[in-house]
Amino acid sequence: CSTWGGGHFSTFDKYQYDFTGTCNYIFATVCDESSPDFNIQFRRGLDKKIARIIIELGPSVIIVEKDSISVRSVGVIKLPYASNGIQIAPYGRSVRLVAKLMEMELVVMWNNEDYLMVLTEKKYMGKTCGMCGNYDGYELNDFVSEGKLLDTYKFAALQKMDDPSEICLSEEISIPAIPHKKYAVICSQLLNLVSPTCSVPKDGFVTRCQLDMQDCSEPGQKNCTCSTLSEYSRQCAMSHQVVFNWRTENFCSVGKCSANQIYEECGSPCIKTCSNPEYSCSSHCTYGCFCPEGTVLDDISKNRTCVHLEQCPCTLNGETYAPGDTMKAACRTCKCTMGQWNCKELPCPGRCSLEGGSFVTTFDSRSYRFHGVCTYILMKSSSLPHNGTLMAIYEKSGYSHSETSLSAIIYLSTKDKIVISQNELLTDDDELKRLPYKSGDITIFKQSSMFIQMHTEFGLELVVQTSPVFQAYVKVSAQFQGRTLGLCGNYNGDTTDDFMTSMDITEGTASLFVDSWRAGNCLPAMERETDPCALSQLNKISAETHCSILTKKGTVFETCHAVVNPTPFYKRCVYQACNYEETFPYICSALGSYARTCSSMGLILENWRNSMDNCTITCTGNQTFSYNTQACERTCLSLSNPTLECHPTDIPIEGCNCPKGMYLNHKNECVRKSHCPCYLEDRKYILPDQSTMTGGITCYCVNGRLSCTGKLQNPAESCKAPKKYISCSDSLENKYGATCAPTCQMLATGIECIPTKCESGCVCADGLYENLDGRCVPPEECPCEYGGLSYGKGEQIQTECEICTCRKGKWKCVQKSRCSSTCNLYGEGHITTFDGQRFVFDGNCEYILAMDGCNVNRPLSSFKIVTENVICGKSGVTCSRSISIYLGNLTIILRDETYSISGKNLQVKYNVKKNALHLMFDIIIPGKYNMTLIWNKHMNFFIKISRETQETICGLCGNYNGNMKDDFETRSKYVASNELEFVNSWKENPLCGDVYFVVDPCSKNPYRKAWAEKTCSIINSQVFSACHNKVNRMPYYEACVRDSCGCDIGGDCECMCDAIAVYAMACLDKGICIDWRTPEFCPVYCEYYNSHRKTGSGGAYSYGSSVNCTWHYRPCNCPNQYYKYVNIEGCYNCSHDEYFDYEKEKCMPCAMQPTSVTLPTATQPTSPSTSSASTVLTETTNPPV
């Protein structure tokens, strides 16, 4: 519906009429509703131009008047503007407002003169009123009221809405003007100039044109018809008709274009820019100034001129770089080329960190958390001399099972044994050594009061933070690439296989991965099933308050936000503060970890400790604190033997040291050079953690308290042959007792046990190894572990990408010919990239999920997948409303629980599999990609892709190179410091507003949190227990809680069920089929299709006379059996041992049941509602001759 000129109108039903009035009128609204979805009003001035427009969209009110736009509670705004699902931006020579919410879409356009247009959805047919009519599809009844046909003025009087302080008298009724026929031919000719072949009916526009000419100050002047010709041009453009450049300098000119732009009557509003030169959209053309063909708008520099792509500048951290400029970042050098950064990777050391008691970050930047009490292999490598191995000791540090923390680092080789703990260094014979210490190629010294450094000549550097929390940082040179194993990962640039176990298979959860690298006979690591902050609201508030300094604006940490994303450090800080009884040491440790990361990027955060009272450091012995210090030239010992302490680090070290010109002596006092002493031999003292045994009870010294185990009995009676009992009190053959009992798990690690204390117990006889069920077996009979299950000799398993065979306790794996990776978009803005990076955002725009053709030379993309996200909760969370898949000239749109296909591409093969719960698209781009796209008809969308080319992929789904470290690569090819900067770069529509923060819906809707946590707890329950060891459940549980809190404008249970279904699907991808739905919890009514049939092509269902009981719900197809398609839950009409073959279009039997897997261990119960869908085979061998 539109109005233009001095008072021309065209209703929703295309009825044209004329009316001139200066009162405030309702242009269009939803009738008979107290709170309509929209209410648009307008007022004309005495000059007949539109003086004011009021647009009410629920609580949002936009007022347009006198060339200004204001928003209630915001004030006057600048364009482009985006907030609360509303976008306002220039659109050629006009201004366009687009309101996109989950339940509504509306477009309003105006030109600040005489033109106003509203475009609404068909669902409002028959429900509107105002000057735009009733929108019922019949143009002749728009003026009917209570059964009577009204004239124009009486109809308009009904739409009048006075301002609160006015009474606007209705205009006097005048006789409608009759158009002069003498202008009819001229007007037809003028309209033909605009578009001679346009299918929009011309009669009404000819009439409006005639009226314009006769009402002109000089009757018959053609220039008086410009507004009607412009409206006809707009109507033709909206109908996708050809429109010519009909304006001239002297006829209906709209003025000159700025810079080097040119005028187009029908130009694309999808402006191609340096930031997004491939921008495309479905909007119709409009008139205005545009860049000439072959150029793009420079939206990066300030001049906003049209340039060739080669002339586009680049941007980085708010700075603009000219084409050809170079910049250096950590481990890469980049050159600005066609608006993108063309980067080359440089040799770079690998870094692994152990922080915050329980957090580990691998060489390939994968972060995880675990809670175990044991000695673990941190890193083993063939590049370490003398069979060197780096280990980490984790001990209990509190009462709860999750209060575990790093207590010591061990370096072991055939030549050295070095144990570094809090301010102590032990060597081979548990002898305490005073620092500095040197042994061959290894030098250990204190860099400051807080850090100990181990420097080697073979490419390994270890820096240990001793206070406030014991932490370790490992650095290895590039020669170690692809040659490491252990908790620090395999350093091959691929994040996805960092959980490679000692048995040579990749696990799905951190605890199982960590357990495989135990260097002692310890209990398995335990999972923290609940958020520690959920146990105390006071602790939660305190943790969030203190840790929020990391993310707040105006703090010392803000200066680093553009370089290092503070969000993961904030989350760690909150977790540590709630998990550990000693809160502030862990808070300060978390803040220090962020500051250290910033300093590694060249940004030292001076005085950050002063911003938190409990984090300040008090130095003793007249030492001074520095954020960048070193031991060299600061100790007396460094004067006589500089090689012991003069080894700088590439990351600044903080702590206490002597001021320049002073040196630390043996009393930890700073003295002048002339007063430096000579050191005496190390003093003797008893080590902590030694044990004593009295009457069969063994006690250990832990944190100043005795912790005792055992009972008065003869323990040797519990040992059954071939095991034997070894006592710590009288054993001569093994002074560490059962601590180093030979196990199959230890055999898989390939190293010797590194004991820390003696334990009495039963051990296997020589040559035998203890397996998972406690039996002693020869090494060739050792089982393999995967996903918490045990597999015997010769058994095979199939993972997503490999076929693995168990041999001598280790997996021997062969890569499958085709391996896919998955990107998930689900719920309220959750994304998991192809390489496993997780993030959440609340963007209200169209975003590129994935596309190819991302190289600097910008080849044409063969596919592009775009999500349209809109606001779906009062807290501001956003969800995906539609998905657009572009395959060359072929387009597939997913929206409103259905799909549409337009265009053709003979090079692409695709088929559609329909299910009551999902739509699945199999797409083959020959020579490039095999894709399966799965949509649950709501907010969840999955892209499974395998490729036959090294073509680069980009978008919100990451770059699919196996390394999540660089997944936040922006459109201009540099790696963003945080997810929001990354997300903003992948907007498909550059006029959308940027996202500046992530909403926490549980904080905004606290009354929903308890319900959300209760309903989502099924993910942590016994129902999903069989999957807990295959897929880390905590991210899915947290996403479920967030979505359940945020989904507050209807469909809250649907949001919760969708979130749980995502975890169930992740389990199914790992071969675990979970039957989790019930008639009371997230039910699916597949039985409906047994008694209802489609009535025709319209798709409506009606009750059938016959009842067919074949349709039923299944959580998967062919559980524990072979199935050749992507396995998803749904409504199926095949029997339980059949599946529907889409090629043969009939039910086919599942493959034969494979050999059963070994039962789970006692610590891993199996739910009766669970079955394993992974293929398990048994490898057979020929009998001996």
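Here the Cβ of each residue, glycine as well, is placed from N, Cα and C on the backbone.
Annotated features in Swiss-Prot:
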type: DISULFID; residues: C1-C132; note: disulfide bond
type: DISULFID; residues: C23-C168; note: disulfide bond
type: DOMAIN; residues: 350-534; note: domain 'VWFD 2'
type: DISULFID; residues: C352-C488; note: disulfide bond
type: DISULFID; residues: C374-C533; note: disulfide bond
type: DOMAIN; residues: 619-676; note: domain 'TIL 2'
type: DISULFID; residues: C823-C957; note: disulfide bond
type: DISULFID; residues: C845-C992; note: disulfide bond
type: DISULFID; residues: C854-C954; note: disulfide bond
type: DISULFID; residues: C872-C879; note: disulfide bond
type: COMPBIAS; residues: 1160-1178; note: compositional bias 'Low complexity'
type: REGION; residues: 1160-1185; note: region 'Disordered'
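Taking the features listed in Swiss-Prot, we show where each one sits on the structure.
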residue: C1; record: disulfide bond; Cβ contacts under 8 Å, 6 or more apart: F9, S10, T11, F12, F27, A28, M117, V118, M131, C132, G133
residue: C168; record: disulfide bond; Cβ contacts under 8 Å, 6 or more apart: T22, C23, N24, K160, D162
residue: C374; record: disulfide bond; Cβ contacts under 8 Å, 6 or more apart: I393, Y394, R518, A519, G520, C522, L523, A525
residue: C488; record: disulfide bond; Cβ contacts under 8 Å, 6 or more apart: G350, C352, V360, T362, F363, L378, M379, V474
residue: C845; record: disulfide bond; Cβ contacts under 8 Å, 6 or more apart: A82, Q87, E868, N869, K987, E988, N989, C992, G993
residue: C854; record: disulfide bond; Cβ contacts under 8 Å, 6 or more apart: S861, T952, I953, C954, N959, K973
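The secondary structure of C132 (disulfide bond), as reduced to three states from DSSP, is coil rather than helix or strand. For the domain 'VWFD 2' (350-534), the model gives a mean pLDDT of 90. Note: the CA-CA distance between C872 (disulfide bond) and C823 (disulfide bond) rounds to 22 Å. Fewest Cβ neighbours within 10 Å among the disulfide-bonded residues C132, C533, C954: this applies to C533.
Comparing CA positions across the disulfide-bonded residues C823, C879, C957, the one lying closest to C533 (disulfide bond) turns out to be C879. Over all protein chains present, the Cβ of C352 (disulfide bond) has 25 other Cβ atoms lying within 10 Å. In this structure, C533 (disulfide bond) is part of a helix by DSSP.
For the pair C879 (disulfide bond) and C957 (disulfide bond), the Cα-Cα distance reads 16 Å. With a 10 A radius on its CB, C823 (disulfide bond) counts 25 other CB atoms from all the protein chains. In the structure shown, the C-beta of C879 has more C-beta neighbours within 10 angstroms than that of any other entry among the disulfide-bonded residues C23, C879, C992. C879 (disulfide bond) falls within a strand when secondary structure is assigned with DSSP. A count of other CB atoms within 10 A of each Cβ picks out C872 as the most crowded of the disulfide-bonded residues C872, C957. In the three-state DSSP assignment, the secondary structure recorded for C954 (disulfide bond) is strand. The DSSP secondary structure for C1 (disulfide bond) is coil. In the three-state DSSP assignment, the secondary structure recorded for C845 (disulfide bond) is coil.
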